[in-house]
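Okay, structure first, notes after.
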Amino acid sequence: MGTGAADGSRGARRWLPWLGLFFWAAGAAAARGADGSEILPDSIPSAPGTLPHFIEEPEDAYIIKSNPIALRCKARPAMQIFFKCNGEWVHQNEHVSEESLDESSGLKVREVFINVTRQQVEDFHGPEDYWCQCVAWSHLGTSKSRKASVRIAYLRKNFEQDPQGREVPIEGMIVLHCRPPEGVPAAEVEWLKNEEPIDSEQDENIDTRADHNLIIRQARLSDSGNYTCMAANIVAKRRSLSATVVVYVNGGWSSWTEWSACNVRCGRGWQKRSRTCTNPAPLNGGAFCEGMSVQKITCTALCPVDGSWEVWSEWSVCSPECEHLRIRECTAPPPRNGGKFCEGLSQESENCTDGLCILDKKPLHEIKPQRWSRRGIENASDIALYSGLGAAVVAVAVLVIGVTLYRRSHSDYGVDVIDSSALTGGFQTFNFKTVRQGNSLLLNPAMQPDLTVSRTYSGPICLQDPLDKELMTESSLFNPLSDIKVKVQSSFMVSLGVSERAEYHGKNHSGTFPHGNNRGFSTIHPRNKTPYIQNLSSLPTRTELRTTGVFGHLGGRLVMPNTGVSLLIPHGAIPEENSWEIYMSINQGEPSLQSDGSEVLLSPEVTCGPPDMLVTTPFALTIPHCADVSSEHWNIHLKKRTQQGKWEEVMSVEDESTSCYCLLDPFACHVLLDSFGTYALTGEPITDCAVKQLKVAVFGCMSCNSLDYNLRVYCVDNTPCAFQEVISDERHQGGQLLEEPKLLHFKGNTFSLQVSVLDIPPFLWRIKPFTACQEVPFSRVWSSNRQPLHCAFSLERYTPTTTQLSCKICIRQLKGHEQILQVQTSILESERETITFFAQEDSTFPAQTGPKAFKIPYSIRQRICATFDTPNAKGKDWQMLAQKNSINRNLSYFATQSSPSAVILNLWEARHQQDGDLDSLACALEEIGRTHTKLSNITEPQIDDADFNYSRQNGL
């Protein structure tokens with residue numbers, strides 16, 4: 001009974017939809033019939049045996065705020081479609097349906113949709129989400145659609161995990177974590193850097209795909225910034241807290257500087273060296289270098305010992321000139337380690353005949369020689385004993401007549417060293433002191449004196465022509481040389497009895513002066529800072545530095561101050577009775593020598609002339625260059641400009657040639673030439689290791705804007721004339737040198753040059769954007785001899801009260817060397833410490849003529865040439881002299897000269913025009929085995945030049 005009732009109930013429920021469908025269809029038909037509208041047929045053709053097929057099924061949906069959503073279904077063939085939500089049938093009144101015919105198949109298509117509200121979803125409390133599905137009927141049966149879930153969309157406000165700020169070293173890994181807030185549907189994450197979206201597809205170094213995290217594999221300085229995690233879904237967007245990422249650079253030490261000089265002149269002191277934390281400099285809070293920036297060590301300097309006089313000697317025997325004298329020496333003790341020389345006279349002389357001895361209407365006691373050695377006293381005594389006063393008077397009278405006639409017949413200066421008095425108005429500083437025996441190289445073997453010299457001031461003395469000529473003919477300087485050793489103490493031409501440098505001003509002259517010419521050359525002028533420059537019509541018209549001088553048979557030296565360029569005219573290069581106005585110029589305009597291929601100009605273009613002048617012996621031209629010749633990576637050539645303006649190669653520095661000779665020193669090239677013209681040095685790098693030496697310097701000046709300050713960093717060839725052009729430009733712009741220039745080795749490896757400003761004080765100065773680092777292409781630096789190369793930086797003060805500026809200028813070649821210029825200055829001119837452009841000038845005088853232009857006295861030079869020009873069986877000839885003076889190449893050039901030794905000495909004069917290192921020449925002679933005494937051990941204060949005058953007057 002129960003079973004039958006249950007079956008009946010299930011049967012009733014099974015037929016309930018069909019009954020409802022029937023009554024619904026009947027009511028609908030009646031309604032349409034009552035309205036008179038068209039009634040669709042109850043039986044629509046359908047494919048036999050086909051169940052309803054869903055063309056459109058309901059999709060999952062989200063309710064946003066309070067807006068309802070619509071669920072749709074479409075099926076064919078379908079007589080009716082109903083929605084079932086959460087297992088219950090949706091009421092018929094909530095359905096909206098449409099019917100149509102499928103034109104292709106002729107089947108009936110029915111579409112139904114319902115609305116689901118937020119309230120319906122919230123009121124449902126089931127084990128799963130709110131869901132709905134469609135059920136479609138046909139005469140063959142039913143079909144069900146997929147279940148579509150309906151959820152209320154939301155996005156919570158707070159992130160489950162915000163990204164955290166990081167500080168990482170450069171090239172380190174950065175990982176920023178982000179867990180977005182809970183939401184339906186799940187939020188999508190996007191990363192922002194400084195409010196700009198990050199596209200990981202365009203930057204392979206960044207990955208944002210790993211579980212919403214941001215990963216930067218190798219941190220760069222540009223990766224510093226503020227990072228934000230952005231979460232969004234269909235409801236809202238949420239922003240996380242910003243995370244600051246700082247990529248820092250730890251500082252690194254630069255190389256140590258050289259040790260400084262000892263800070264005391266006497267006793268115990270210290271030396272120091274320093275380094276800077278600039279390799280690299282710390283950035284963005286990076287750690288400063290560990291360790292000390294300055295190191296100090298102790299040092300000891302020898303204390304100076306002042307000299308003291310010994311007791312006076314006995315008075316000498318009365319000489320034929322009615323003079324006797326006594327001497328004392330500064331040897332108790334002698335000055336050492338820079339101590340002061342004894343004050344006072346080293347000798348005293350007086351007339352020993354009560355003024356009765358008369359010479360040429362003047363008492364001889366008015367001629368007061370300043371020094372006489374003990375051996376000279378003994379020799380004077382010998383002369384008095386063996387010669388006799390009567391014979392001396394006769395000899396003097398004969399010599400007076402002979403010398404007077406000789407000098408009147410010659411219009412040029414004599415070639416003897418004593419003739420320099422004609423230029424100095426009677427000032428002489430020659431001195432012989434006979435204290436040692438065995439020096440037959442310089443003096444008469446019978447006399448056997450030593451030669452010592454010093455720098456002293458001598459007043460004008462009255463030397464008569466007869467005595468002068470007697471000294472020329474009888475002086476022991478004309479005896480053959482056997483040994484010599486000389487040491488220079490402090491000044492030009494101190495050793496070997498040659499007077500100090502001085503400039504003699506007078507009227508221009510076209511020829512040399514005869515000995516009898518009475519010109520006003522009695523004043524020795526001080527050093528002149530301005531070169532004497534004379535405009536010549538024959539000089540080129542381009543922009544250039546130039547100087548000129550008049551030279552005769554005695555020769556001389558022409559120097560371009562502060563350029564490193566000089567010209568040496570040897571004694572005898574110009575024939576007697578002739579004199580020439582010789583000029584020298586440096587081209588400062590656009591070089592006329594155009595480089596071919598990899599060839600570069602290494603020196604200035606130097607012109608010397610006149611071009612039609614002929615010389616009897618080669619002259620020496622010194623040209624500065626900027627090549628690093630310490631290693632053999634250059635092929636250097638000497639070139640000359642022809643009259644047609646073209647350049648032709650004279651020789652390669654390493655080649656053998658008999659037409660000219662080139663000696664390459666670290667900073668200059670000394671060339672021996674026979675003809676005047678325009679010359680220059682070019683270089684062709686053999687390898688990428690070839691190095692040009694650049695001089696780097698920084699200048700500064702105020703801008704038109706009172707708050708701005710301009711820095712100009714120059715990189716020019718390391719030649720004095722190139723830097724002098726920079727100085728000239730800066731003087732016109734009002735620039736001031738802020739740091740002493742430094743040397744930078746620039747390789748020929750095609751890598752560019754970088755100039756950057758570092759360590760600018762924050763909150764006081766700022767640099768204009770995008771100018772802190774500037775890069776110069778390799779080609780501009782490698783060929784920078786055309787115009788001075790510089791980089792300009794503009795700094796701005798925050799306030800006008802800022803007057804001090806400190807920063808560092810880093811000049812470095814990529815994959816090469818670098819230099820640091822430390823700027824510490826005041827922008828106020830009244831407080832700024834001036835840095836001189838040149839530590840010392842090249843030469844006091846642009847033109848020096850006669851013996852004063854040479855380091856080696858002419859008489860000594862003659863004896864050296866006479867000795868070494870003679871072939872020697874043991875090989876001790878001019879070739880050995882060349883070898884000992886580091887002249888080992890192209891000796892065939894010297895072999896073609898009439899006096900090889902003279903040309904070697906000319907080259908020595910050109911190389912040592914600055915230091916005057918006569919000791920090196922003396923050492924060379926000693927090594928050859930021709931010297932036995934060392935004159936350089938006799939210190940400068942032990943010698944007085946007046947003794948040389950006295951000995952010459954007495955024929956000693």
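FYI, residue positions are counted from 1 along the chain as it appears here.
Glycine residues also receive a Cβ, built from the backbone N, Cα and C atoms like all the rest.
Annotated domain 'Ig-like' per Swiss-Prot: 52-149, in sequence order.
Long-range Cβ neighbours of CYS134 (disulfide bond) (same chain, at least 6 residues apart, Cβ-Cβ under 8 Å): PHE54, GLU57, PRO58, CYS73, ALA75, ILE81, PHE82, PHE83, LYS84, VAL112, LYS144, SER145. As annotated by Swiss-Prot, disulfide bond applies to CYS73-CYS134 (among others), with the evidence given as similarity to another entry.
Taking Cβ-Cβ distances under 8 Å and a sequence gap of 6 or more within the same chain, the neighbours of CYS85 (disulfide bond) are VAL116, GLN120, TYR130, TRP131, CYS132, GLN133. According to Swiss-Prot, the feature disulfide bond maps to CYS85-CYS132 (among others), an assignment based on similarity to another entry.
Taken from Swiss-Prot, the feature domain 'Ig-like C2-type' applies to 151-242.
According to Swiss-Prot, the feature disulfide bond maps to CYS178-CYS229 (among others), an assignment based on similarity to another entry. Less than 8 angstroms from the CB of CYS229 (disulfide bond) sit PHE159, ASP162, PRO163, LEU176, CYS178, PRO180, VAL189, GLU190, TRP191, LEU192, HIS212, LEU214, ARG239, SER240, each of them six or more residues away in the same chain.
The domain 'TSP type-1 1' annotation in Swiss-Prot covers 250-304 and is backed by sequence analysis. Mean pLDDT across the domain 'TSP type-1 1' (250-304) comes to 88 in this model.
Within the same chain, residues at least 6 positions away in sequence whose Cβ sits under 8 Å from that of CYS299 (disulfide bond) are CYS262, ARG268, GLY269, TRP270, GLN271. Under the heading disulfide bond, Swiss-Prot lists CYS262-CYS299 (among others).
For CYS266-CYS303 (among others), the entry in Swiss-Prot reads disulfide bond, with the evidence type similarity to another entry. Around CYS266 (disulfide bond), the same-chain residues six or more apart in sequence whose CB sits under 8 Å from its CB are ALA301, LEU302, CYS303, PRO304, listed in sequence order.
Other C-beta atoms found within 10 angstroms of the C-beta of CYS289 (disulfide bond) number 19, with every protein chain shown included. Under the heading disulfide bond, Swiss-Prot lists CYS277-CYS289 (among others).
The DSSP breakdown of the domain 'TSP type-1 2' (306-358) into helical (H, G, I), extended (E, B) and coil residues amounts to 0 helix, 12 strand, 41 coil. Swiss-Prot lists 306-358 with the feature domain 'TSP type-1 2', giving sequence analysis as the kind of evidence.
The annotation disulfide bond is assigned in Swiss-Prot to CYS318-CYS352 (among others) on the grounds of similarity to another entry. For CYS318 (disulfide bond), the number of other Cβ atoms no farther than 10 Å from its own Cβ, over all displayed protein chains, is 16.
Taking all protein chains in view, 20 other C-beta atoms sit within 10 angstroms of the C-beta of CYS322 (disulfide bond). Taken from Swiss-Prot, the feature disulfide bond applies to CYS322-CYS357 (among others).
Positions annotated as disulfide bond by Swiss-Prot: CYS330-CYS342 (among others).
Taken from Swiss-Prot, the feature domain 'Death' covers 862-939. Assigned with DSSP, the residues of the domain 'Death' (862-939) fall into helix, strand and coil as follows: 44 helix, 0 strand, 34 coil.
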Candidate with sparsest Cβ neighbourhood (10 Å radius) among CYS132, CYS303, the listed disulfide-bonded residues: CYS303
Tally of residues which DSSP labels helix, strand or coil - the domain 'Ig-like' (52-149): 9 helix, 53 strand, 36 coil
Cα-Cα distance linking CYS289 (disulfide bond) and CYS352 (disulfide bond), given in Å to the nearest integer: 81
Alpha-carbon spacing, CYS277 (disulfide bond) to CYS318 (disulfide bond), which is rounded to whole Å: 76
Disulfide-bonded residues (CYS73, CYS262, CYS277, CYS330, CYS342), the one with most neighbouring Cβ atoms at 10 Å: CYS73
Assigned conformation of CYS289 (disulfide bond) - DSSP reduced to three states: coil
Disulfide-bonded residues (CYS178, CYS352), the one with most neighbouring Cβ atoms at 10 Å: CYS178
CYS178 (disulfide bond): secondary structure state under DSSP, collapsed to three categories: coil
CYS289 (disulfide bond) and CYS342 (disulfide bond), Cα-Cα, nearest whole angstrom: 54
Pairwise Cα distance for CYS289 (disulfide bond)/CYS322 (disulfide bond) [Å, integer]: 81
For the domain 'TSP type-1 1' (250-304), the number of residues DSSP places in helix, strand and coil: 0 helix, 17 strand, 38 coil
